[in-house]
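This report concerns only the one structure given below.
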Amino acid sequence: MSDIQAKEDAAPVDRQSSSSVVVPDEPSPLRKMISVASIAAGIQFGWALQLSLLTPYVQLLGVPHKWSSFIWLCGPISGLLVQPTVGYFSDRCKSRFGRRRPFIATGALLVALAVILIGFAADFGHTMGDKLDEAVKIRAVGFFVVGFWILDVANNTLQGPCRAFLGDLAAGDAKKTRTANAIFSFFMAVGNVLGYAAGSYTNLHKIFPFTVTKACDIYCANLKSCFIISITLLIVLTIIALWYVEDKQWSPNADSDNEKTPFFGEIFGAFKVMKRPMWMLLAVTALNWIAWFPFLLYDTDWMGREVYGGDSAGDDKMKKLYNHGIQVGSLGLMLNSIVLGVMSLVIGVISKKIGAKRLWGAVNIILAVCLAMTVLVTKKAEEHRKIAGRMALPTNAIRDGALSLFAILGIPLAITFSIPFALASIISSSSGAGQGLSLGVLNMAIVIPQMIVSFGVGPIDALFGGGNLPGFVVGAIAALISSVVALTVLP
């Protein structure tokens, strides 16, 4: 990625007008950046639990498989609305506690509220009148959905100000800025590994015996215990960072321009003047996320439903089989995060040798193949159950094959989290556009496809029998198309 690196080293960090950026006299010490970046571990711990456990959990509460994807709509919606809005207002916050710390503290408190609503949804629903033998626990689902949406809003409230705080601490130093973001990414990987490890441990509820209740079985209690650990970690890291790291109070300069175009006005205005290279980048990014999102939504559900043959709406034996698959799926996600972290360390070296767009195109082929291979793994698991019996666990070969797919997918996921943003920076630098504005436009190419998938993947799966494979196949096709587009039209 020599072209990217050269432009990053040559170009100064984008300093916006004095109305939105406070630049300290000099960069803060590395230990303060580490303290702020460590909050990412707490954020990502909870996000890992969301990805691995919450889709199966809401089905255990009675929400049909085909409708569960609609609950995930808040993620892309809040990414589209909340994060840029919070960023816009945190740039202009005049609180005596600083610009970033009030938003980070608010986000952490919202996470705590959301975790209580999600973890105790079954208990709250039972207290409010849900019967234990009801197929759909309406009140519990209501508490869950409210908590789930609050959690997505809270995560977006936290992440933007945390990254902005790191930018403030870097004080415009390009090397410090790259280092701070690398540390943030490292702690994201740490949080992922911890979250998926916790989600794959089946006896976590024994640490918190009060989590098992009449309305909350062992799977539910494990989820509740995971979230208790998650919020404890986040609150501790947040308190340490906000106490230890100073966030200077901001006040606008007397000559600053207070009649600025609002953030969304800038975003939509950018589309009018956007040049072809950026449009092509948006197209590849959108196709890439259409490929990824069905798997991110239903990866552990696939393991519990198709690979292990369980059923979240079945009898106790089928539920136990399903939950077993979910736990193994969480292990797969942990392996995915480990590979992602390792791959993130070598992206720069590989990109320098073959180029960013070739690397992105190549790993999208890997993504397409892995998503297509889920069909083969599923068919092998079904054939095994026909021979060994409906309740038979998958063979070691089938289980290891599924886990291998999770691990290998860490390679293209690492590229998805880095190359598009690097290319957006290059294009914006060459065209004279602002870095923040270009990344805001790129974010729309991520969240809008996620909303499309959230609306469409459940009904598509239901149309073809109610499993997860149709969505994965659509993802494989989108990944293949994105690979071709990346290799042929990206600059």
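Backbone N, Cα and C define each Cβ position, glycine as well.
The compositional bias 'Basic and acidic residues' annotation in Swiss-Prot covers 1-12.
Among the features that Swiss-Prot reports, phosphoserine is placed at S17.
Here Swiss-Prot flags 1-26 as region 'Disordered'.
Annotation source Swiss-Prot lists topological domain 'Cytoplasmic' at 1-33 (among others).
Residues or ranges marked as topological domain 'Extracellular' by Swiss-Prot on the basis of sequence analysis: 55-68 (among others).
Per Swiss-Prot, topological domain 'Cytoplasmic' is recorded for 90-101 (among others).
Here Swiss-Prot flags 123-139 (among others) as topological domain 'Extracellular'. Taken residue by residue, the topological domain 'Extracellular' (123-139) breaks down under DSSP into 7 helix, 0 strand, 10 coil.
The topological domain 'Cytoplasmic' feature in Swiss-Prot is assigned to 161-181 (among others); the stated evidence is sequence analysis.
Summarising the annotation, Swiss-Prot assigns topological domain 'Extracellular' to 203-224 (among others). Predicted-model confidence for the topological domain 'Extracellular' (203-224) is 84, expressed as mean pLDDT.
Positions annotated as topological domain 'Cytoplasmic' by Swiss-Prot: 246-277 (among others).
Look at Swiss-Prot and you will find 299-329 (among others) tagged as topological domain 'Extracellular', backed by sequence analysis.
The topological domain 'Cytoplasmic' annotation in Swiss-Prot covers 351-358 (among others).
Per DSSP, the topological domain 'Extracellular' (380-406) is made up of 20 helix, 0 strand, 7 coil. Under the heading topological domain 'Extracellular', Swiss-Prot lists 380-406 (among others).
Per Swiss-Prot, topological domain 'Cytoplasmic' is recorded for 428-443 (among others), and the stated evidence type is sequence analysis.
Sequence annotations record features per position, and here Swiss-Prot assigns topological domain 'Extracellular' to 465-468 (among others) based on sequence analysis.
As annotated by Swiss-Prot, transmembrane segment applies to 34-54 (among others).
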Looking at the stretches 34-54, 182-202, 225-245, 407-427, 469-489, which one shares the most CB pairs under 8 Å with the transmembrane segment (102-122)?
225-245
Determine which residues of the chain contact the transmembrane segment (140-160) at the Cβ level, with the cut-off under 8 Å and only residues 6 or more beyond its ends counted.
39-40, 43, 46-47, 50, 54, 57-58, 61-63, 71, 74-75, 77-79, 82-84, 86-87, 90, 103-104, 106-108, 110-111, 113-118, 120-122, 124-126, 130, 215
Are the transmembrane segment (469-489) and the transmembrane segment (182-202) close enough to be called in contact, which here means at least 3 C-beta pairs under 8 A that are separated by 6 or more residues?
no
Using Cβ atoms and a strict cutoff of less than 8 Å, what residues sit near the transmembrane segment (407-427) while being 6 or more residues removed from its termini?
1, 3-4, 7-8, 185, 275, 277-278, 281, 284-285, 288-289, 292, 295, 332, 335-344, 347, 351, 356-357, 359-360, 363-364, 366-367, 370, 433, 435, 438-439, 441-442, 479, 490-491
When counting C-beta pairs under 8 angstroms to the transmembrane segment (359-379), the leading stretch of 34-54, 225-245, 278-298 is 278-298
Stretch in 34-54, 225-245, 278-298, 330-350 most in contact with the transmembrane segment (182-202), if contact is a CB pair under 8 A:
34-54
